Amino acid sequence: MNQEVLNIFNPVQAAPTFDQIRISLASPEKIRSWSFGEIKKPETINYRTFKPERDGLFCARIFGPTKDYECLCGKYKRMKYKGIICEKCGVEVTLARVRRERMGHIELASPVAHIWFLKSLPSRIAMMLDMPLKDIERVLYFEYYIVTEPGLTPLKQHQLLSEDDFMRAQDEYGDDSFTAEIGAEAIQNLLKAIDLDKEAERLREELAGTVSDMKQKKFSKRLKILEAFSESGNRPEWMVLTVVPVIPPELRPLVPLDGGRFATSDLNDLYRRVINRNNRLKRLIELRAPDIIIRNEKRMLQESVDALFDNGRRGRVITGANKRPLKSLADMLKGKQGRFRQNLLGKRVDYSGRSVIVVGPDLKLHECGLPKKMALELFKPFIYARLDAKGLSGTVKQSKRMVEREQPQVWDILEEVIREHPVMLNRAPTLHRLGIQAFEPKLIEGKAIQLHPLVCAAFNADFDGDQMAVHVPLSLEAQLEARVLMMSTNNILSPANGRPIIVPSQDIVLGLYYLSVAREGEPGEGKIFADLGEIEAAMDAGVVSLHAKIKSRFTEMDADGVVRRRVIDTTPGRMKIAALLPQHTAIGHRLIEKALTKKEIGNLIDVVYRHCGQKATVIFADQIMGLGFKEAAKAGISFGKDDIIIPKRKEAIVAETRTLAEEYEQQYADGLITKGEKYNKVVDAWAKATDRVADEMMAELQMKHKDENGREKEINAIYMMAHSGARGSQAQMKQLGGMRGLMAKPSGEIIETPIVSNFKEGLTVQEYFNSTHGARKGLADTALKTANSGYLTRRLVDVAQDCIIVEEDCGTTRGITLRAVVEGGDVLVSLGARVLGRFSAEDIKDPATGEIVVPADTYLTENMADLIEAAAVQSVKVRSVLTCEAKIGVCGACYGRDLARGTPVNIGEAVGVIAAQSIGEPGTQLTMRTFHIGGTAQVAEQSFFESSNDGTVRVTGATVVGTDGFLVVMSRNTAVSVLVDGKERENYKPPYGARLKIKDGDKVKRGQRLADWDPYTTPIITEVAGKIRAEDLVDGFSVREETDEATGIAQRVIADWRTSARASDLRPAMGVLAEDGSYVRLANGGEARYLMSVGAILSVGDGDMVKPGEVIARIPTEGAKTRDITGGLPRVAELFEARRPKDCAVIAEMDGRVEFGKDYKNKRRIKITPEVDADGNQGEPVEFLIPKGKHIAVHDGDFIARGEYIIDGNPDPHDILRILGVEALANFLVDEIQEVYRLQGVPINDKHIETIVRQMLQKVEILEPGDTGLIKGDHLDKPEFYVEQDRAVARGGRPATTQPVLLGITKASLQTKSFISAASFQETTRVLTEASVHGKTDTLEGLKENVIVGRLIPAGTGSYLRSLQRVAAKRDEQLAQQREDAMEPLPAVIAEEA
C-alpha cells in the first residue's frame, strides 16, 4: 500500500528536535495555557458504565476520547469525523493517545505555597523575604498574622502578631491604620512587593560596606537568589500557587481488575483530596462561614497540595487505605525506583534473552554458541522477512505459523539470517565495558549458551551456574558498531591498564606450564632432531619424553627480517608451543625457553599483540588455548594428601619463636618494654616465623629429587598449580603445609597467639575457634563491600560522564612531572612504565650528557620508554588531563594512549566513563577478595631500608653520633641517597630517630642495610650531652606512675594535664643542663628543651646524665592493624570524596623557622617566621594552634620547608591544594589511591585517577571579584569564569583573583552544569528546585542527559554525528544569509519596471 495513504490512518508526527532544555517556574497564566479545561469534581469514572465522569479527573471532554476516533456517547465514530466536537457529550473526535498529553488544572479558592520552595533547604521563600523559615510556616499555617504595611504605627514590617496581639493592635491603633495578613495570601503579597533590582542594588552596597564574615555569607547567598530570579525572568510570587496543574489521565491510570475492583495510581487519591477540600472551601466562602472554619479549611487545602507535590516533606505522611504512604509527584522522580533511574536510564530491552552459560572450548574467539530455540525467537522478524523475500510464505501470519511449527526450511533460513549477524552477550554485573561484548552466533543444540573460555576473565564469568543475556543489534549501524567496536577480537587489551585481558587461565596455563618444563635425565636427552614432525614421531615411539633436553632445528626470523633455520636447545614440549608462534623479528624461541607461568604467557601475548597486530594475536591465543587444554588433559595432573609437604624445620622454627616470645614477655615483666611494645614485638616475631616456615616449605617443594637412574622426579603437583598461576597461591599453600599464622579479631587487631598447625595436621579446638573470626568477617565484609563498591562506581561514573575527548591537541605547554615509584628500596613502578603512552611536555635530556633523548610533544612508545630508562632519567614532564586546556572535555595529546587499543586516543572516546569503570571494577573484586585467605593477618610495617644498587652513599641533613656509635637521624629533612656513577639512583627519607648503618661517602653493595628503626615507637632524642632537668613534671597532674598489673613494674608516663584546671598551664619538658646549670645550646642556637606529649614514656629521670643520641622518651605508635582492602575501599572513597581525615596532618604554609609561642588555653602555639630574602623583605609569620599532647614533629628553632608536616598523619587534600598546588595534589591522590590497589596487586593506569581528579577540580573560588561583577566566595566552573574574566578585561576592568577548589565526587556530580544529570544522581528535589529558580538551561553536553532525553550520546560514533550536525547547521546559516543577500536588490528592479 502507498506510504502516503498509510500515513492518513496513522499520522506519525516527527519528534520535535531540540538542542537544549530549560526548566523554570510556571506562572499561573502558563499553567492555564497548558490546560484543556478546569477539573471541578473529584469523581473519576462511573463504575457501572466504566465511562469517565464529566468535569472529573478523567473527563473525556477535557482530556480526549477513550477510544480512537469515537466520541463518548457514540454519536460520531470513525476517521471521517476527525476533529469534530460532539455537541451532545462535548468530546473531540481524535486519537485516544491525546489522553497522554493533555493537561487540566484546578483553580484554587485560596493561594497555596509550593512546598519545594518552602521546605527544600535553603528555603527559597524564606531567603527572598529575609525571614526565618519557622516564622513563614507560622504565617502559612494560620498561627500568626504578619504585618505587611505598618502605616504610622510603631509596628515593624514583617513583624509577627498572634491572634491576641492582632486584636490588641486593632483596638489600640484602629482597624485601618495598619495591614496585617495571614496565610499564603500574605506571603504572596509580600513576594509580589519585592523589587528585585532595587533589593539587589541595596544588598550590593551592604556587601561592600560589611567586614563580618557571617554577614558577607548571608548577603551573598540572598544576592545570588535575587539575581537568579531577575536573570531567569521568574517572579517570586510564582512560588505561591493559585492554580494547580493536573497531569494527563493516562499517566495516572485507573485500571479495572477482575471482581469489579480498580487499581489506581496514588496521584488520583491525592488530586481528589485537593479537589474535595478546594470545593468545600469555595462553598464555605460563598456561605460566609466564620473565619475560624475558613482558616482551618485553607490550612487543610495547603496540606493536601503539599502532599500532592511531596508527601511527607512536612507534617505527617498521608497514607492510603492500606496504611501505606501515598506516592506523590516528587516520589515519582526520586531514588532507584523513580522515573530517572528506573525508566529513563534503566530501560528494558527488546530482542533479548538469557540462559545459563557453559564452556565452549572448540569455539573461535569471535564466536559464541547460541541455542537454536533462542535464535529462532530472537531473529523472528528477520526470518519472516527472508521467508517473504524467498516467496516461501505470502503473509506474516503464514510465516508465523511456519516458524511456530518449526518446519525444516525455517532452520535453513535461520542459518542464513544468523550468518555475519553479530549478537551481544552481557553478564551482570557489568562493571566495565568488557562486560558486554559482541560475538558471531553459532547454532547449537541444547538450551545453554556456549562461551569462549578466554573471554571469561573479561566477563568475570565461571561455569558454576552463571547466566548471561543475549541482545540482537537490529539496525545496520548497530551491527556495524557491534562488529567494529564490540567484537571480542577487538577487546584484547584491558582499558584499565593496557595489558592483555585475553589471557589463558587455569587448565590452559597448567597444560602450557607442563609442556614447557625441562627435566634432567629424561629418555632421549641430548638427541638432535630435524623438526617437530621428527620429534613427534620419536615421542610416539617412546624414544624421547616430553621434558627431555634436546637440540632441534627451528625456523625463525632474524633481526634483519631474514628467515633462518638454526639448531636450538629446547624440549619437545617447548617445540610444540614454538610451532604456534607467529613469524616476527621480535618473537623468537627465547620467549618460551623457560617455565611458562600465567604471567609469562600474558607477556608473550602482549609481545605478539605489540609486534604482529590484532589478527595474529587472536589466532595465536586460540591455538595456544587448544594446545593448553589438550596437554593438560594428557598430563593428568592430580594431587593427594601426601603431596602437601610439611617442612622439616617447622618444629624448630616454632620452638625458636616461642622462646623469643617468652623473652619478650620477660622483658615486659621486668619493665623494659611496655605492654604495647611487647604486643607489637610478639606479633612481629610470629609473622616472621610464619614466613620462614612458608619459605622452608617452598624450598622443599622446589628441590629436585632424582631416582636411582639419575632421572628427575615429577615436580610436586600442588607446587606446579600454584607456581604456574593456574590455581591457588603461596598463601594458600602456606596454610595447607606450613602454619596458618596470625589471625585477626573481628575488630581488626591481631591475636597474639598464632595458629601453629596447618590444615594437613589439623587445628586444635582453640585454634579452630580463633580462625573462625577471620572467616566470618570475610563473608560479612563481602556482602557489605559489594554494595559500597557499586556505589563508589556509580559516583565515579556520575562525576566523570561528561569527560570526552573533543580535539586532537589543545596546544598547552603545561604538564606534570612523573618519577619512578620506589618503596623501601624496591622500584615498584619504573619511570618508563609510568610515562608509556603519554606525550612529553618538554625535551627529555640525559642527566649525564645533557643530550636530548626524546624531544617535546612526542608520543612515548615502548622503545622511547626503554631509552629513558637506559639514560637513568630521574623525572619526566609529561602532558596530563589535569593540565589540559580544552574548554569542554579533554584533548587527545593530554590523554595519550587509548589503553584498550594501544594507539593514541580517538576523538569522541568517553575517557571519563572508562576511568570510572577502571577504578570501580576492581573495587568490587577486591571486596570479594578478603576471605580467600581466610582472614590470615598480614602485618604491613616497614622498619629498614636496603640499597638496591652498588654505589656510594650520600647523607644530607642533621645527624648525631649515638651511644652505640651509629649515626642517629636528628632532623626531619635528613635524606640518604645512593649514587651510581655520580647519578642519583635511590633516595630515602629515614624517620626521626632512625639509626644509620653507614656514613656519608661509604661504598655500599646491593642489599646492604642503610638504616633501621623501631616501627612501633617514635623516640625523643637529645643531641647534646648534659644533666637532665625535668620541668613541669608534676606527679598526679602531668605525670602518672603506671604500674603494670601483670608485672608490677612502674613506668612514668606523661598524662593529659589539660583535664584539671590547676594544671592547665603546665608545659612538661625535659631540659639538658650544662655544668653551670644553664641550658646547653643546640646547633641552631635554641635551648636544649624537649617538650613532652601525652602518652610519652620517660626513659630517663631528673638529674640523670645523658650522652648525645640517647633516647630520653618514647612515644608508642598504634598497634599494627591488618591492612586489607577493607581499609582500602573506604580509603579510596575518602580520597575521592576529598574528606578531611580525622587526626589529619598539619602542614607548614611556607618556608621559615619554627618558634614555640605562648600557649593559648589548652593549645600549643607554633609560629613560623619566614627568612629575610635577598631584597631584605620578610613575609608575615603564620601561627598554628595545636592541641597539647599531640606529638609535634618539629623542634623549636628548626628550619621547615613549605609543605612539610608539623604534625604527622594523613594530610588533608584541601591543604595540599592550597599550599602546594594542583600538581602536588594530583601526585598525592594518585599515589595514595594507587597504593591501595597495589597492595591487592591490581594494576590501574595513573591517567584514570588523573581524569577523576580533573573532574574534582573543575571549579574556582573567587577571592577578589575585581570588576567582573562576580561575588566574593562564589564557586564557578572554570570555562564560565574565563568568559566573565575576558569580558571584564575587554572593558578595561580589573581581573578577578581566584583559587582552585577541590570538590568530592558526590559534590562535583551535584554541581555539574547539567541539571538533568545532577537530578538523576541524588537529591532530585533539591537539584530541580535550584535549577528552576535559576531558570537553568541544560545544553545536553554529557552522556547521561542525552540518554535521558533519548538521543544518541555525544561520544564515539555519536560525537561524529554531532560534529556533522554542527557543520550542517553552520551551512544552513550561510545559505540563508546568501539567499537574503541575493534577495535584496529585487524591489528596486520591480519599481523600475513599474
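For all residues, glycine too, the Cβ spot is worked out from N, Cα and C.
The shown structure was predicted, so the numbers you read here are calculated from the model rather than taken from an experiment.
Per Swiss-Prot, Zn(2+) 1 binding site is recorded for CYS71, CYS73, CYS86, CYS89. Summarising the annotation, Swiss-Prot assigns Mg(2+) binding site to ASP462, ASP464, ASP466. Among the features that Swiss-Prot reports, Zn(2+) 2 binding site is placed at CYS810, CYS884, CYS891, CYS894, with the record citing sequence analysis.
Within 8 Å of the centroid of the Cβ atoms of CYS71, CYS73, CYS86, CYS89, where the record puts Zn(2+) 1, the same chain has further Cβ atoms from LEU72, GLY74, LYS75, TYR76, GLU87, LYS88, GLY90, VAL91. A count of other CB atoms within 10 A of each Cβ picks out CYS71 as the most crowded of the binding-site residues CYS71, CYS89. Among the binding-site residues listed here, namely CYS71, CYS73, CYS86, CYS89, ASP464, ASP464 has its C-alpha nearest to that of CYS810 (Zn(2+) 2 binding site). In the structure shown, across all protein chains, CYS894 is the one of the binding-site residues CYS884, CYS894 with the greatest number of other Cβ atoms within 10 Å. The two recorded residues, CYS894 (Zn(2+) 2 binding site) and CYS89 (Zn(2+) 1 binding site), show a Cα separation of 68 Å.
Sparsest Cβ environment among the binding-site residues ASP462, ASP464, ASP466 (other Cβ atoms counted within 10 Å): ASP464.
The highest number of surrounding Cβ atoms within 10 Å, among the binding-site residues CYS73, CYS810, CYS891, is found at CYS891. Of the candidate binding-site residues, CYS71, CYS86, CYS884, the one lying closest to ASP462 (Mg(2+) binding site) when CA atoms are compared is CYS884. The shortest Cα-Cα distance from CYS891 (Zn(2+) 2 binding site) to any of the binding-site residues (CYS73, CYS86, CYS89, ASP464) is found for ASP464. Mapped onto three states, the DSSP output places ASP462 (Mg(2+) binding site) in coil. When the binding-site residues CYS71, CYS86, CYS89, ASP466 are compared by Cα distance to CYS884 (Zn(2+) 2 binding site), the shortest distance belongs to ASP466. Neighbour count (other Cβ atoms within 10 Å of the Cβ, all protein chains): 20 for CYS86 (Zn(2+) 1 binding site).
Taking the mean position of the Cβ atoms of CYS810, CYS884, CYS891, CYS894 as the Zn(2+) 2 site, the remaining residues of that chain whose Cβ falls within 8 Å of it are GLU807, ASP809, THR812, ARG879, VAL881, THR883, GLU885, ALA886, VAL890, GLY892, ALA893, TYR895. Distance between Cα atoms for ASP466 (Mg(2+) binding site) and CYS89 (Zn(2+) 1 binding site): 59 Å, as a whole number. According to DSSP, CYS891 (Zn(2+) 2 binding site) sits within a strand segment. Other residues of the chain with a Cβ within 8 Å of the Cβ centroid of ASP462, ASP464, ASP466, the Mg(2+) site, are ILE357, ALA461, PHE463, GLY465.
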